[in-house]
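Shown next, in structure tokens, is the structure this report addresses.
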Amino acid sequence: MSSAATKATFCIQNGPSFEGISFGANKSVAGETVFTTSLVGYPESMTDPSYRGQILVFTQPLIGNYGVPSGEARDEYNLLKYFESPHIHVVGIVVAEYAYQYSHWTAVESLAQWCQREGVAAITGVDTRELVQYLREQGSSLGRITLADHDPVPYVNPMKTNLVAQVTTKKPFHVSALPGKAKANVALIDCGVKENIIRCLVKRGANVTVFPYDYRIQDVASEFDGIFLSNGPGNPELCQATISNVRELLNNPVYDCIPIFGICLGHQLLALASGASTHKLKYGNRAHNIPAMDLTTGQCHITSQNHGYAVDPETLPKDQWKPYFVNLNDKSNEGMIHLQRPIFSTQFHPEAKGGPLDTAILFDKFFDNIEKYQLQSQAKSSISLKVTYSTDKSRLQSINVTKLAKERVLF
């Protein structure tokens, strides 16, 4: 540690404050304070768009010991190899002890260097056990990190902002399955999608066309074999455009048989579009080891989770939906499944990276539904590269998806 280390303070609004040392960007920040008990995967967590606007507390006592891998490395699908999106989405991180010395064969820089380059505040030396105990008892709280030579910034509640609009792709983009492996065309509504979700789709043979969160999917659904609703940040009730579009899709009898799969925020938006309600959890569920029971089989699965809101299962229309999974820790809803149609969703992340892969089979279930839909539609075996989409939401035009961007469009 440098002898010129900058002192910093982490404060909870109307709560405790903690002294520490800054190892991130030279800035003070504010946001909603949440914690994760995940032992590994801090690069994936920090680049997960679901953490947008939040200060993330790590309960793992030593953070940064394996450095940070390349944010430029891509896999055979042209997806980011190590990150869940191109940039960090948390505004700050809080750790008990930062590992100034790091070692890993994939590392290209330290966690401190990465935070400084990305403009993310970071503080070490905080009693995270005491802090997390407070958050568990009082609930997720507004917090701020203030550097010693800075004036405190005002507390900010990001849950009052439509965070999805900040993280969604700005234009459609397309990710293809490997040559000769394509089985289906899937439309993905990007509310803050993680790279590994797209990977789980394309590696199973999907040509994935990703649309902005407010895109009128109901206008183009007939061009696809399945619809996917992604994860994302913030209060689901602020995504009214998505809710309205999904509701219109659900209410159109033309699409009665089209498969739909939602994860995390996508699960909540699907529930809201169906007439159910959501509520904010006291401190949320953010970990890689949360047990969820499949109510259709009685089996328990260990799941990866990152959410601060949940669906109220009692408000689901009982003639259409039933709960699919339940959290065995706090009994909150973890999924729902349609009684007549090939539609289901989960609150947890079956694509987990990092985390357990117990429920990755749900992607296979989605593709089983797609195969049945294709047979019902007498789909041809060849996969068309033609899709129809609206560039101005009022005029439809047919284009070749090979002309779309091949990665998310940030600006």
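Numbers here mean position along the shown chain, with the first residue as 1.
Just so it is clear, glycine is given a Cβ too, placed from its N, Cα and C backbone atoms.
According to Swiss-Prot, the residue from Ser50, Ser70, Ser85, Ser103 that belongs to the L-glutamine site alongside Gly232, Gly234, Leu265, Gln268, Asn306, Gly308, Tyr309 is Ser50. Inclusion criterion for the active-site residues Cys264, His349, Glu351: a C-alpha placed within 10 angstroms of the C-alpha of Asn306 (L-glutamine binding site); this criterion is met by Cys264, His349. In sequence order, Pro236, Thr278, Tyr309, Ala310, Val311, Gln347 constitute the residues six or more apart from Gln268 (L-glutamine binding site) in its chain with CB-CB distances below 8 Å.
Restricting the average to the domain 'Glutamine amidotransferase type-1' (185-376) gives a pLDDT of 98. A separation of roughly 12 Å, to the nearest angstrom, links the Cα atoms of Gly232 (L-glutamine binding site) and His349 (active site).
The Cβ neighbour count for Asn306 (L-glutamine binding site), using a 10 Å radius over every protein chain in view, is 26.
Nearest in space to Glu351 (active site), taking C-alpha to C-alpha distance over the recorded positions Ser50, Gly234, Cys264, Gly308, is Cys264.
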